[in-house]
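J.: Next up is a structure, given as structure tokens.
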Amino acid sequence: MQKVMNDPEDLGNCKICLQRADGIHFAVSSCRACAAFFRRTVILKLNYTCKEKGNCTVEKSLRNLCRSCRYTRCINEGMKIELVQLQRDSIGRKKSGASISIDPLFTPNVASSLSAIFKNEKEDVLSTSCTILSQMTSGYAMFLNIRRSTNTLVQSSVITPTFKMPKIELHASRFDSAKQVCKAEAHLVTDIVNSYFSPFNSLKFEDKVALFKNFFCYFSHTDRAYQSFKQFESDNLNDKILMPDGGFIKRTELGRFYENAEGVHTSAEDAAKIFQPALNYILDVIVDYMRRIHIIETEYLALLGFCLWDDAVPGLSKEAKSLAVQTQSKLLAELQNFYSSQNKDAVEITQRVGVLLLLVPKLTKCVIMLRENSVLAELFNYYEADVCCKNFKEDASVDLDCTSQCIVHTKND
């Protein structure tokens, strides 16, 4: 008599990896991890190559070693590609209590998929009458949502359709996971800037590359400082800085960040010595200054706008320089209007703008320090920088050896 598969206890083992199955996924009794792997492979159209002869063992403890054989097993056991398509198209119509399993082996392409979903949700909200700052606010909110999602993808295998993450206790960050998320973050930021940091999208490709390469270094380190300030605002003795992977680095334990990391070729202590001064500077100068002036998000985004629209960036066309100057003026005007709406008088507005802009040279010094530290670390082969991070060096040419399509990795056809 054929077994009825309605009771989870009657599902038996996963047909793919042989661990306990928890449901019928894509017409096959399987576990969430294998279902998520199959879904991700199909949606992102990933191709795998077996390094052996196509007969690798696929079981719970070894299922991640050969993705080619794992995917082949999925197909051979009867998983249906067309069912993945149907489920993907109905993401927005699922009940908020449901969950989608995502394979934790995260790639930047997943970030692009998440970005597309969020963008579709936001497009109806934005209108052509939005100011530069309000568009940036919407884009930054979407960026934070996606980044929380990418952190969860790296740390676990479950994500809700609405991408509202449960509160997770802070954990000590590690080099490998931070590098993984940072690589994805670079692609996310290109998409956010291109879509929401008006009028960036109107620039020629070469001008986009020049401005973005300069901007991303500012954004990456400034956002760590800003998020650290927000997280530990009331703690004047805070000695931790938040990292892109959702974890933190403690000032006195920087060496732990580099322990047992695949891309680090020296001792954790030696790697820490290279970057300790920059970490101290971020905490003692930038985060401390943000705390003293009680910076708010609108001011922070205006600051990012000034860093992006730098007309002194080498290689800009005349048109781009002119647009940068115009956008700077518009940002200043919008910032003044914002302060006026907060009932500040002319003197208070002038003082506040001055206090805010005094942060820019501090950010510039931090960027210079970190660039010099990175060059030194690579010179002595202390660690391996991924291809995306290498592209953001001041004197680096654009390296197109990247699987994702973003501003700094796409040729101008």
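Going from the start of the chain as shown, residues are counted 1 onward.
Keep in mind that glycine also has a Cβ here, set from the backbone N, Cα and C atoms.
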J.: Please identify the range among 14-34, 266-286, 287-307 that Swiss-Prot labels zinc finger.
T.: 14-34
J.: Kindly point out the range from 50-69, 150-169, 190-209 that Swiss-Prot annotates with zinc finger.
T.: 50-69
J.: Could you give the Cα-Cα distance between Gly23 (site 'Required for DNA binding') and Ser30 (site 'Required for DNA binding'), in whole Å?
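T.: Roughly 6 Å, rounded to the nearest whole number.
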